[in-house]
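Engineer: Got a structure here, written out as structure tokens. Questions coming.
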């Protein structure tokens, strides 16, 4: 028995050592070894980027080709509808691929298991499955595609919510690292400098938005958006600095940057031709700056999806302290480096999200070439996302106090 146990232990340790060697090796060695999750996540990200480019090409340059497909004969709205349906069909194929991966890898907790090998390897099978699932939606009738377009609104909202929680969790984690006992004294100056810089950027950003997007008193909607954002920053700061909360300056400052950025994106999404949006009117023609802005926005969306997908820790509950040591030791030995199921779920909802960006969240809204996330629907989606971000952040601040008072009330009775 002892010999068998030692042999199992030696094989397990050797597998862990080889796993660490793959992890710390070059990208070429990781790709050559095939079955490793660190290289796999970049391959999935590349597939997602290619799907984004296919959807963009179908919208801007694929209308003549799509007209030849008999399945599109019942499409209402002419060429614009063909472009929209092309985006939705590519998005549906991408969604199906990642949803299949989500179902087949959900609950994977151990490396070297069959599901771990499926997630990190089997690229020959996936290179067949992915194109096949991309082609299938082009054979479906327009009714199913329009139904998917309606469902994609909900899926894209789920993606925004996951991304929102991930961003707030990162800000909270960063603040906790700076406030840790061993680094509190040393990092005090860094915290104050970072918070001051963040608040300064927020103020400058709001002033520039007033200049660019509210040049006249008649621009009441933009004035409301910008002024309300300023109020929300003050509200978050006041609650964070309340004696009962005592969250410090850093988190509300970083959240201020986040909501100012969302507000800026929302106003920029207003349709071209609005008198209050001079920047949009200036970018009405397609030039190199417009193309660069489009490419940057597309890459930023892919990077945001990738970074959110590997951040499954922000959705895990804290473990029981009695079993925490044993579980952590076991996870260090053969636990997966990130949640595979969550990773693919984020990419599946991200497929719906990029479809909404490319069609302006409106299946009946024509989009010009080299544009992304433009239209009044896009503007209000961004604004609601900003308000929701503030609500979630405030709740994360006050929730411990509210729950503690409830427990005290319950124990007192």
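Glycine is no exception: its Cβ is also placed from the backbone N, Cα and C atoms.
Please treat TrEMBL annotations as automatic predictions, because they have not gone through curation.
Worth saying up front: this structure is predicted, and the values here are computed from it rather than measured.
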Engineer: Looking at the ranges 321-341, 342-362, which is given as transmembrane segment in TrEMBL?
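Structural biologist: Going through 321-341, 342-362 one by one, TrEMBL flags 342-362 as transmembrane segment.
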Engineer: Any residues 6+ beyond the ends of the transmembrane segment (79-101) with a Cβ under 8 Å from its own?
Structural biologist: 44, 47-48, 51, 54-56, 58-60, 62-63, 66-67, 72, 119, 129-130, 133-138, 140, 142, 145-146, 148-149, 152, 155, 344-345, 347-348, 350-352, 354-355, 358-359, 363-367
Engineer: Counting only pairs 6 or more apart in sequence, are there at least 3 Cβ pairs under 8 Å between the transmembrane segment (383-403) and the transmembrane segment (191-213)?
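Structural biologist: When sequence-distant Cβ pairs are counted, the transmembrane segment (191-213) does not touch the transmembrane segment (383-403), since fewer than 3 lie under 8 Å.
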Engineer: With Cβ distances under 8 Å as the criterion, find the stretch in 39-58, 152-171, 220-241, 342-362 that has the most pairs with the transmembrane segment (191-213).
Structural biologist: 220-241
